[in-house]
């Protein structure tokens, strides 16, 4: 599970953070501490890049945030068969996957461009970077110490 602040307040996002603050990520190991396979990591990396371009959104200026979220999506893809949002707590992950609401891209992202994980940020978001791409090496480097 990851936790971070967003600049848009909504029922799905925490309160806005003041300008100039850095976004941070806290991570807990997934079920049985399993790591994402390279195949799932690459699938989620490509998906994230394509969706960012298609939705005119950008990755966080702090690339480690992007890397951790993509790794979390890949972990869930391996463990659950679907890219369930890794930034939320679930009592029953399998039921959440079946419902589909929090499968990436989640309903709030598709309907209102509100990404709780800060993976897909609108250009006006204080934490939005300039990039819509990230390499597999960047993801592995950023997540290797977690």
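From the backbone N, Cα and C atoms, a Cβ is placed for every residue, glycine too.
In Swiss-Prot this protein carries:
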type     : residues          : note
BINDING  : 85, 104, 106, 115 : [4Fe-4S] cluster binding site
DISULFID : 87-117            : disulfide bond
SITE     : 116               : site 'Increases the nucleophilicity of the active site Cys'
TRANSIT  : 1-26              : transit peptide
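Recorded features from Swiss-Prot, shown on the structure.
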residue: 85; record: [4Fe-4S] cluster binding site; DSSP class: coil
residue: 104; record: [4Fe-4S] cluster binding site; DSSP class: coil
residue: 115; record: [4Fe-4S] cluster binding site; DSSP class: coil
Original post:
Which ones, of the recorded positions 104, 106, 116, have a Cα no more than 10 Å from the Cα of residue 87 (disulfide bond)?
Top reply: 116
**OP:** Tell me the Cβ contacts of residue 85 ([4Fe-4S] cluster binding site) under 8 Å, same chain only and six or more apart in sequence, or just say none.
**Re:** 73, 102, 103, 104, 106, 116, 117
Original post:
How many other Cβ atoms are found within 10 Å of the Cβ atom of residue 87 (disulfide bond), counting all protein chains shown?
Top reply: 25
**OP:** Other than 85, 104, 106, 115, which residues of the same chain sit close to [4Fe-4S] cluster? List them in sequence order, counting a residue when its Cβ is within 8 Å of the Cβ centroid of the site.
**Re:** 87, 102, 103, 105, 108, 109, 116, 117, 119, 120
